[in-house]
Amino acid sequence: MAATHTTNPVSVPGAEAKVSAPGPAPSRARRLARAVLPGPAPGANGAAMYRRWWLPWLWTAPAIACAVIFGVFPFLNTMLLSFTNAKPLGGAYRFVGLDNYTRMLDDSDFWLATRNSILYALIVVPLMVLLPLLLAVLVEKNLPGIGFFRSAFYTPVLASSVVVGLSWQWLLADDGLVNTWLQKAHLIRSAIPFLSDSWLILLSAMGLTLWKGLGWYMVFYLAALGNVPKELHEAAAMDGAGAARRFWHITVPGVRQAMMLVGTLTGIGSLRVFTEIYMLGSATGGPGGADRTLPFYIRDVGLDPITGNAGYGSAVSVALFLLTLGLTLLAQRLTKEDEA
Amino acid sequence: MRAKRLTRTLTCFAVLSLTAAGCGLSGGGSDSGDATAGGCKVDKGNVGSGKLTGEVKGDITFQTTNLKKDFGDFFNGVIKDFETAHPGTKVKWIDDPGDATFGQRTVADAQACTLPDVLNVDSPTATSLTKAGYLLNVGVKDPDAAKPFVPAFWKSSLMKDPSGASVHTVLPWYTGGILLTYNTDLLKQAGIDPAKPPTTVFGLFADYEKVAKAAKGKFYATMANPVWRIPADWDQMNIKTLSADGKSAVFADDPRTVQWVEWMTRLYKEGAMPKDSLSSSNDPSTLYSQGKVAYGSTNPSFVRFVQQNSPSVYDKTAVGQQPFDALGHTTGAPQYIATAATSKNAPTALAFSEFLTNAENQTAWCKDPKVVIFPTTSASLDDPFFQKVTGDDPFAQARKLVAEQLKTATAYQTNISSAMQNAIVAQVQLAMQGKKSAADAVKDAQAKANEMLKQSS
C-alpha cells in the first residue's frame, strides 16, 4: 500500500518527480505548499506520509485556545492590572508602578489575611493527606456492609458548600447540637463560642473543609491502595509486622505519589478558601474581619463595584499566586529530597 | 525552524493579548469620535444632552431578580400590554436567580457591553453602573420622567456619573417600607407597652435593655450583627455617614456615633442579643419565628413570613412606627429600573422602563396578595388601597403606617458600598467584643471608609 501511494501521488501533482529527481532546492512557495497541502509527504512511508508538522497543533488547537482564553490571558491581564489603579467597572486607569506592591507591605489587613491563609494550609494539608488515607485503609476491605460506610464518608462531597455551611452553623451555634450535647454531658458549663470567637471560627472552617474533602480523597486513595502489592503485606505479616508497622512501611511508601498529589491539591485549595469562612463568619469574615483569607481580602479590596480597586486586588492576587507557587515548589523539593 | 516559528507566533499572541488587555481596560471613550458609554460603542442619541428620539420598535431584554416564580403572570401581562400598545416591539424577560454573585455578574455584563436593555437594580448596583457610565441618563433623555414619582424617591435616584455630575439614571420602582415588628407577649414580659413604641433609636435600645434584663438569656431583644443597623440607624438619627459630595466619611465627627456604638456594646454584653449572632448573616426571621427574639425584621414582608411559618407567633405579632428620631420619618431604599445606555433600541427600552414603573402598573403589583410592597408614584399612594385601610391585622396596620409617611418623606437611605459597610461593621464588632473602645472603633472605621473612598476616586 505504501509503495502504491508513493508512486501514485493523490493530490500533489508533481510530488513524485520532486522526490526522485535531485536538483535545485524547491522554491519557498513550493516548500510551503508541501508543508501545508494535504496528501502524502514526499520521502515518507506508511502513515507518516500523511503526517504534517501542523497536524498535532490542529488537534490540540481547541484545548490551547481554551487554555489561552481562560488561563493565560486572565493571568497576564491580572499581572498587568496589578501595576495600575484600574477599577472593577473599567474606565480610565493609569500605571502606578510598584505602588500597589509597596502598599501591600504596609497593609496590616493583607498580612492578617496572609497569616490566616498560611495557617489554613499548614493545618488542613497534613490532616487532609493523612485522614483520608486512614479512612481508605478502613474501608478498603470488602466486608459485608462496607459500601454503606464508603457512601456515608463520600456523601459530604456531593453536598453543596452552602448547605454544608448552613448545617455547620446549626451544629455550632450557642444553642446548637454540639454545645447542647457537651452541656448535657456536663463537659462544659457555658456554650463554646464557635461562631463568635475569631480563632474558633477559623478552626471550625478548617473542620468543615476537612469534613467535606475527606470522602473525595478517600476515593483517591482507594484507587492508589489497589496498586500496593498484597504480597508485601502478607510477607510482612508472616515476619511478625503489626498493622501499624505495615501501614508506615508498606502502605505509606506505596501511596507516596498519591499523597504528594493530595498534598499539592489540598495546599492550593486551602490557600484559596473562601466559602467556609463566608458561611461561618459572614460577609465581614468573622468579627472584626479577623478570619479573612487572601481570596476574601481580594474580594473586599478589589471587586466591590463602588469602592473596589481592581489594581490593588490584582496585586494581592499575584501575591497569592506566588505564595501558592512557592508552597508547591517547596513540596516538590521536599519530595525529591525524600526520594533521594 | 518550526519550533522557532511557533515560539515567534506564541510571543506575538502573548503581546497581542497584553495589548488587548490594555485596550479592554482603557474604556471611557475612544479617539474615533464614536459615542461611547462605559467603554462600549453606543448610538449617539443614547449619551450626551438632548431628548431621546426614535421609534419605539424592535426587541429588548428585561432582567429582574427572582420574580418569575411568584409573579410570572403579572409580569407577562405587563409585557403583553406593552407589546400591544407598541406594535413591532418584543420584550424578552430574563429572571435572574438573584444570588450573591448577581452584582458581580451584572458588572461582568456591563464590561462586556451586554447589559440587558432594561434591568432591575438595587441602589449599590445602580450607583456603580452610573459611576462607570453604563446607564442611560433618563433625567435628560426624558425631561418628563420625574413627574409620576414621589419627590423623595425621584431624588433618591440621583447618582454620580463618570465626571462626578449628579444625574438621574434610574426610575424608582417599589419599596419595602420600614416599621417595627415585635412579639407583644415578650414585650409585656419585659414590662414594655407594645402600644407605645419608642420614638428614638436610643429609646429603642433602652427597650432592648429591658428585654435583656427580663429575659435572662431565655429570649433576646434583637440580633447582634451591626450590619442590619448601619447606616439605617445613623440615617434615622440624622448622623451623616458621608459628606455632602460623597467623597469622605464623616460619621465619626458626630458624637452620637460613639454613643450608638457604646449602646450596642452594652446591649451585647448584657445579653440583649445572641452572642453567636455577632458575625452571623442570619436576620431575626428564624429566631423570631421560634419566639426567641422580641423584635423582628423592619420589613413589612417579614410579617407574612411569620404568618406562613409560625402562626402561633404571628398571633402575638404587632407592628408599630419605626422610631423617626431626629430625621422625622423613615428612610427608604427603593428598587430601581435602569435603562442601559448600551441598548440598541434605547427608545423602546426607555418606553418600557416608564411603562413598567407607571402608577397603574405599580399600583396593580402592590395590590398582589402575595407581596407587601409599596409604590413610589404619587398617584399610586393616593389609591384607596393605601389610604383607606380597614382591619386591624398586622398587614393592614403595616400598610397604613408605611403608606402615610411615604408621600411626605424627604430623604432616602445613605448609599454606601458593601465593602465599606463591612469595614465599618467589622470595627463595631471589635468594640462589641470589648477588643476596642467605642471611640477607637468609630475612628478606625472612618479611617478605613476614607481609605476605600480615596482608592475609588
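Note that the numbers count up from 1, one per residue, in the order the chain is shown.
Cβ atoms here come from the backbone N, Cα and C positions, even for glycine.
Nobody curates TrEMBL annotations by hand; they come from automatic prediction.
Model, not experiment: these values are computed from the prediction.
The compositional bias 'Polar residues' annotation in TrEMBL covers A:1-10.
Positions annotated as domain 'ABC transmembrane type-1' by TrEMBL: A:114-331.
As annotated by TrEMBL, region 'Disordered' applies to A:1-26.
Among the features that TrEMBL reports, transmembrane segment is placed at A:57-76 (among others).
Under the heading transmembrane segment, TrEMBL lists A:118-139 (among others). Sequence-distant contacts of the transmembrane segment (A:118-139) (same chain, six or more residues past either end, CB-CB distance under 8 Å): 146, 149-150, 153, 202-203, 205-206, 209-210, 213-222, 224-225, 247, 251-252, 255, 259, 262-263, 266-267, 270-271, 273, 293, 323, 327.
Annotated transmembrane segment per TrEMBL: A:151-171 (among others), in sequence order. The list of residues near the transmembrane segment (A:151-171) in space but at least 6 beyond its ends in sequence, with Cβ under 8 angstroms from a Cβ of it, reads 135, 139, 177-178, 195, 204, 207-208, 211-216, 218-219, 275-276, 278-280.
Long-range neighbours of the transmembrane segment (A:191-211) within the same chain, counting only residues 6 or more positions beyond its ends whose Cβ lies under 8 Å from a Cβ of the stretch, are 116, 119-120, 123-124, 127-128, 131, 156, 164-165, 168-169, 172-176, 178-179, 182-183, 269-270, 273, 276-277, 279-281, 286-288, 290-291. Taken from TrEMBL, the feature transmembrane segment covers A:191-211 (among others).
Taken from TrEMBL, the feature transmembrane segment covers A:255-274 (among others). Listed as Cβ neighbours of the transmembrane segment (A:255-274) (distance under 8 Å, sequence separation of 6 or more from its ends, same chain) are residues 117-118, 120-121, 124-125, 128-129, 132-133, 205, 209, 213, 217, 220-221, 223-225, 227-228, 293-296, 299, 320, 323-324, 327-328, 331-332, 335.
With a threshold of 8 Å between CB atoms, the same-chain residues lying at least 6 positions outside the transmembrane segment (A:310-331) that come near it are 75, 78-79, 81-88, 93, 96, 100-101, 103-104, 110, 114, 117-118, 121, 260, 263-264, 267-268, 271-272, 294-295, 297-299, 301-303. The transmembrane segment annotation in TrEMBL covers A:310-331 (among others).
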Legend entry - Folded-back contacts onto the transmembrane segment (A:57-76), same chain, C-beta under 8 angstroms, at least six residues removed: 321
